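Novice: The following feature annotations were taken from Swiss-Prot:
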- Arg31: active site (ACT_SITE)
- Asn49: active site (ACT_SITE)
- 16-106: domain 'Acylphosphatase-like' (DOMAIN)
- Ser100: phosphoserine (MOD_RES)
Amino acid sequence: MLLGRRLAAMTELLKSVDYEVFGTVQGVCFRMYTEGEAKKRGLVGWVKNTSKGTVTGQVQGPEEKVDAMKSWLSKVGSPSSRIDRADFSNEKTISKLEYSDFSIRY
């Protein structure tokens with residue numbers, strides 16, 4: 001049973017996607033909540049504020065977890081945020097993770 005799970009994990013597709021979230025997403029702890037949600041899901045990557053009032057970043061991990069995080073970024077966010085839309089780009093399958101954890105960039 002354990003061996004089967006380990007084999008499944010080894011063959012699991014890894015995905016990478018860049019994102020930008022628009023709306024009231026700065027000054028509402030959006031980056032902190034994004035970091036917490038990504039870590040809870042076992043994802044790696046980064047998040048940061050932009051000069052144009054959006055939040056941008058990259059997330060990597062197993063395909064279904066990345067897809068769930070995309071949904072969270074599009075619909076949930078931090079409690080005080082108001083998400084107008086989330087744009088996703090450069091979505092691709094990767095052979096290995098490029099980061100060791102998820103971090104807030106400044």
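Yeah, the Cβs are placed from backbone N, Cα and C, and that goes for glycine too.
If you look at the structure here, what lies around each of the features I listed?
Specialist: Arg31 (active site) falls within a helical segment according to DSSP. Annotation for Arg31 (active site): same-chain Cβ neighbours under 8 Å, separated by at least 6 residues, are Val47, Lys48, Asn49, Val55, Ile104.
Cβ neighbours within 10 Å of Asn49 (active site), excluding its own Cβ and spanning all shown chains: 18.
In the three-state DSSP scheme, Ser100 (phosphoserine) falls into the coil class. Counting only same-chain residues at least 6 apart in sequence, those with a Cβ under 8 Å from the Cβ of Ser100 (phosphoserine) are Val44.
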Novice: Please state whether DSSP places Asn49 (active site) in a helix, a strand or coil.
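Specialist: Looking at the DSSP assignment, Asn49 (active site) belongs to a strand.
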